[in-house]
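K.L.:
Please read through the structure below; I'll follow up with questions.
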Amino acid sequence: MQHDDTIAAIATPLGQGGIGIIRISGPASLEVLRALFRPSSSRFGGFRPWTLHHGTITDGCDPLDDVLAVHMPGPRTFTGEDVSEIHCHGGSGVLAAVLEACVRHGARYAERGEFTRRAFLNGRMDLTQAEAVAEMIAAPSREGMRLAQAKLDGLLGQRVGALRARLDALRMQLCVAVDFPEEEVECLAPEAFLAEIEAVRQGVVELSAGYARTRCWQDGALVVLAGQVNAGKSSLMNALLGRRRAIVTDLPGTTRDFIEEPLNLSGLAIRLADTAGLRETGDIVEQEGVRMSRDLVAQADLVLLVTDATQGLQGPELELLRHAGPERVLVVFNKTDLLEGRILPSTPEGCRSVHVAAASGDGVESLVTAIRAAVLAATGAGEPEAGELAPNMRQAAALDKAATILDELAGDIRAHVPYDLCGVRLDGACAALMDVTGQSTPEAILDAIFASFCIGK
């Protein structure tokens with residue numbers, strides 16, 4: 001991919017809206033803008049940097065839209081390059097026409113994430129900040145936004161950089177010990193060396209643990225409604241959503257395919273999935289639905305095992321509970337309004353449970369509270385703290401690699417392995433930390449990261 005030409009893309013969501021923005025970045029961005037822009041004021045004397053100008057975008061003699069346009073010279077721009085923006089009306093036809101005109105006058109269509117990639121390549125941000133751009137856009141909750149903002153501010157990259165600097169200092173001392181063995185290097189005494197290695201390793205481990213603690217706040221959690229047919233799973237989904245989303249009938253097996261909807265529980269974003277009832281069936285379509293239900297249960301952060309309170313837990317439900325594990329299951333006794341004075345069914349030891357009547361809404365508020373607490377417990381998450389750093393899966397994997405290498409290095413030091421060989425391990429740990437911030441990340445990995453971005457970002 002070329003990185004020194006001029007690119008253009010629609011930077012706002014597609015569809016109809018009041019405003020749509022075309023972003024142009026690269027050495028010819030001002031020339032492209034000048035070729036298309038016709039000012040509305042006779043006093044227009046050229047584009048003043050960072051100033052919006054009113055006018056018309058024309059393609060030849062054909063006026064396309066009434067716009068505001070701005071030019072921002074590099075390097076103090078998002079990409080570090082010269083950047084121009086055209087603020088149009090937000091119709092998809094208008095935006096497509098203006099973008100095509102930009103391409104005809106010297107720009108090319110931007111690839112996914114190419115603006116942010118250029119910002120990274122031009123040193124405007126490290127890779128943790130670049131990834132945080134996409135994480136901020138996709139943040140499912142205010143807490144997720146705060147976690148992404150901390151990375152956008154560079155806090156994760158700074159913490160990783162500080163740990164790597166400590167390893168660099170150790171590497172320098174190793175080099176001195178190897179090159180000048182007759183010199184006394186006091187700080188390279190095995191005890192002091194091991195203490196510093198362990199301190200850095202502990203810092204790396206603590207950073208990596210932030211992924212597990214915050215994953216559900218960053219990505220949301222998958223909560224699956226499962227159970228036998230006619231247990232009231234679809235009614236419960238509708239009650240939780242506060243609207244009729246799933247079809248509800250008295251016929252067993254009404255739900256065959258799974259339905260997934262987003263739900264925000266006091267800042268915790270979940271993906272709520274209603275699944276086909278678990279039973280043996282000769283219907284091929286329903287069989288596939290049951291198979292998909294079992295797959296979703298295996299993937300779920302939390303399973304809401306919905307059972308008819310008038311029947312209690314039956315064999316298939318107990319089997320699901322055994323396979324999923326009680327730590328990932330919240331038993332929901334539904335239809336409590338039909339008990340008519342009978343004793344509430346018991347819950348197996350070690351299981352959490354809640355009682356509701358989805359048809360009337362009784363107990364749903366308590367269920368919402370229970371779901372939120374159960375998700376946090378099942379994922380090992382807690383309420384995000386001020387200054388919490390939340391690496392994503394890729395970053396956590398690189399941190400784990402660094403921690404493993406440092407652990408191996410400590411073993412080498414205890415075994416009196418020569419310093420030059422220890423230096424190889426130290427280089428590996430430094431390289432793993434550099435992967436977090438993108439200083440040594442292969443091009444193929446960068447391609448994969450930025451391919452997940454939207455076009456125009």
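Keep in mind that glycine also has a Cβ here, set from the backbone N, Cα and C atoms.
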K.L.:
Can you tell which of Arg23, Arg34, Arg171 Swiss-Prot lists as binding (6S)-5-formyl-5,6,7,8-tetrahydrofolate with Glu85, Arg124, Lys457?
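P.N.:
(6S)-5-formyl-5,6,7,8-tetrahydrofolate site check in Swiss-Prot: besides Glu85, Arg124, Lys457, the record includes Arg23 out of Arg23, Arg34, Arg171.
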K.L.:
Could you measure the widest C-alpha to C-alpha distance across Arg23, Glu85, Arg124, Lys457, the residues recorded as binding (6S)-5-formyl-5,6,7,8-tetrahydrofolate, and give it to a whole number of angstrom?
P.N.:
19
K.L.:
Quick one: among the binding-site residues Arg23, Arg124, Lys233, Lys457, which has the most Cβ atoms sitting within 10 Å of its own Cβ?
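P.N.:
It comes out as Lys233.
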K.L.:
Ten-angstrom check, please: count other Cβ atoms within 10 Å of the Cβ of Ser234 (Mg(2+) binding site), all chains counted.
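P.N.:
Its Cβ has 24 other Cβ atoms within 10 Å.
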K.L.:
To the nearest Å, how far is the Cα of Arg23 ((6S)-5-formyl-5,6,7,8-tetrahydrofolate binding site) from the Cα of Asn230 (GTP binding site)?
P.N.:
53
K.L.:
Output the one of Glu85, Asn230, Ala276 that, of all these binding-site residues, has the highest number of other Cβ atoms within 10 Å of its Cβ.
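P.N.:
Top count of Cβ atoms within 10 Å goes to Ala276.
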K.L.:
Between Lys457 ((6S)-5-formyl-5,6,7,8-tetrahydrofolate binding site) and Lys233 (GTP binding site), how far is it from one CA atom to the other, in Å?
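P.N.:
Taking the Cα atoms only, Lys457 ((6S)-5-formyl-5,6,7,8-tetrahydrofolate binding site) lies 40 Å from Lys233 (GTP binding site).
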